[in-house]
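> The structure is given below, and queries will be raised subsequently.
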């Protein structure tokens, strides 16, 4: 019996692959972008589904597939994407390259973003009272696919025809390495340690390989006695709770006996600070910088919703992957907030130039102190990784801030971005914007 045959476009269990996926044991199944598959069921947390293709049966990541009649199957449909992320995705410079996106702030509201002669134009897709869709009122369509097809043959109100769908962004993160894998605790022998990537406050970070899955990973180790074991385990516990495309994903821990390990996904290009300092500025231009900042604010909005504070947000604690993907890392100081503020215990070391005044003065932390740090991080991005408060001694920073001194607008930084920095640097925490507003 051919389960994939027949006119079953409306079959709710028929899906199509959005990306290639290569099986890595544990009954996983390789799929190719565009291939049809039938979903038979999901694992305990819904992150993997059992599927059947013409090549066999096995497990695939749920976020790599989409129902066969959904919009996601179209190469031009990018789902919820912000305006400046759309401009980044269309930065290749080809006339007629385009994408269709859903508004992040108003779900259901869609737009076409279209590049022509060095500019990106945005057109709202309207819905008429009879449910038909249009950009220009004279041409109305039953479906989005029909509308896109029409405007690919005639401009009809657009600056040019829709010609080249913009490539989709990176493949999504596979949460968890296999469908059966719910044990965070790993054997140290599962990991081959390679070279050292850097040192953190509490220990070293290494590149390693998870042998079973031939997967490159980052391994954070705990220096003996530098940090309470309890604190290290708290960091791992925080990371287990967190799943967002712009937050570094925890894969496992080794906590039975020292040396302790936290194992996370590996990010190819290392920390954002070094990346900004060494990058080619022609390639990492204003559009890319804004796209990076948007990804960080998206991650922070998620932490805000979850009542987490990061407490050490800075370019050195963000990591860079392929295609300018940025993820916030280093939850070493982060805390789940039960009240609105958290008081750090005496003797905690703070990175002074990123720390909000109320945290420096009273050890008080809240999501609004993360907003202050985000303002400093924006300044780091705008200056390609300069050290904040250039020429100012650490001991003078608080006093100057108290007297209303704030860093000046970096050269080439758009006025609107600088206004956002200044809003993040309001003395009174309640006057600072929330990440939900920033993003």
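Each residue, glycine too, has its Cβ placed from N, Cα and C.
Quick paste from Swiss-Prot:
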DOMAIN    10-70  domain 'SH3'
DOMAIN    76-166  domain 'SH2'
DOMAIN    191-439  domain 'Protein kinase'
BINDING   197-205, 220, 265-271  ATP binding site
ACT_SITE  312  active site, proton acceptor
MOTIF     330-354  motif 'Kinase activation loop'
> Would you kindly give the Cα-Cα distance separating the residue listed as 'active site, proton acceptor' and residue 220 (ATP binding site), rounded to the nearest Å?
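Rounded to a whole number, the Cα-Cα distance is 17 Å.
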> Roughly how many angstrom lie between the C-alpha atoms of residue 270 (ATP binding site) and residue 312 (active site, proton acceptor)?
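Pair distance, Cα basis, whole Å: 17 Å.
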> Go ahead and report the DSSP secondary structure tallies for the domain 'SH2' (76-166): helix first, then strand, then coil.
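Helix, strand, coil within the domain 'SH2' (76-166): 17 helix, 31 strand, 43 coil.
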> Including all protein chains displayed, how many Cβ atoms other than that of residue 197 (ATP binding site) lie within 10 Å of its Cβ?
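Result for residue 197 (ATP binding site): 18 other Cβ atoms within 10 Å.
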> If you draw a 10 Å sphere around the Cβ of residue 267 (ATP binding site), how many other Cβ atoms fall inside it, taking every protein chain shown into account?
22
> Distance check, please: Cα of the residue listed as 'active site, proton acceptor' against Cα of residue 197 (ATP binding site), rounded to an integer number of angstrom.
19
> Select one residue from 203, 270: among these binding-site residues, choose the one with the most other Cβ atoms within 10 Å of its Cβ.
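In terms of Cβ crowding, the pick is 203.
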> Residue counts in helix (H, G, I), strand (E, B) and coil for the domain 'SH3' (10-70), per DSSP?
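The counts are 3 helix, 29 strand, 29 coil.
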